[in-house]
Amino acid sequence: MARFSILDLCPDLVEEAVKIEQLHISTQPCIKQESTDISDPSTSIDTTDTMSTDYLHDESIDDERSESTLSKDSKSPSSSNSEEKTPSSPNDKPPFSYNALIMMAIKDSPEKRLTLAGIYEYIVTNYPFYRDNKQGWQNSIRHNLSLNKCFVKVPRNFDDPGKGNYWMLDATAEDEVFIGGATGKLRRRPSSLSRARMDAYKQYGAAAANLFPYFSPGMPALPRHPYLTAPNGFLPRQMMPIPAMPQVFAQPELLQLYINQQQSLFTKLQ
């Protein structure tokens, strides 16, 4: 029996099917080529590279701009400071207090003493500002000489001709007092004895500090007792409060250890 097919009844469908198959075969290489072009790593890398290089190029420009702005900003304060900083003129006011000027005048003198007129002459000679600006600075010099304990008045000898007394530096001020570089004022550095007293007071209390002479740490005042108040309202002089016994006496070995440590300092001070 012969085979029967639907294509025998409709030959037109066969021709259309053949045409569709041929068209499908002809378009398949183009699709493959496009897919290979899209999936080709070289082309994708090139596109990303161009994008990345463009991005890096833009970023480098931004960096250069930022660096230029930073350099300008960093240079601007220095340039402004250089423009603001003008060379100091000798006629400008010196950055020293009157006490510092007096101290410099006395120290620079050959005999380490000067009269009031000699101090004036030193200041006017070394600092022309006071020569041209006479606005009461001489009165300030006199007041500082009389009020500051660093300066001592020394009477003139009978065989020394001239007028006025001499002014010298106190013996303790020569080593302990100095001129501050930042403020231009007199500063007092702590002596070895005062440092030792303060160290003893901080570590062991007032009892250990009293071992050093001329040291009286501030003691809190005791409350006033009722019997100290008179009936008529007259308040007698308050009694000196007795300091509480520090804990250092409860440990004699601790106090003895501290005294042994300070023995070398005691020998130097004697």
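Including glycine, each Cβ sits where the backbone N, Cα and C put it.
Note that the coordinates shown come from a computational prediction; the quantities given were computed from them, not determined experimentally.
According to Swiss-Prot, the feature DNA-binding region maps to 93-188, an assignment based on sequence analysis. The compositional bias 'Low complexity' annotation in Swiss-Prot covers 36-54, 76-91. Per Swiss-Prot, compositional bias 'Basic and acidic residues' is recorded for 66-75. Swiss-Prot lists 32-94 with the feature region 'Disordered'.
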Quick one: DSSP breakdown of the DNA-binding region (93-188) into helix, strand and coil?
-> 43 helix, 16 strand, 37 coil
Within the DNA-binding region (93-188) only, compute the mean pLDDT.
-> 82
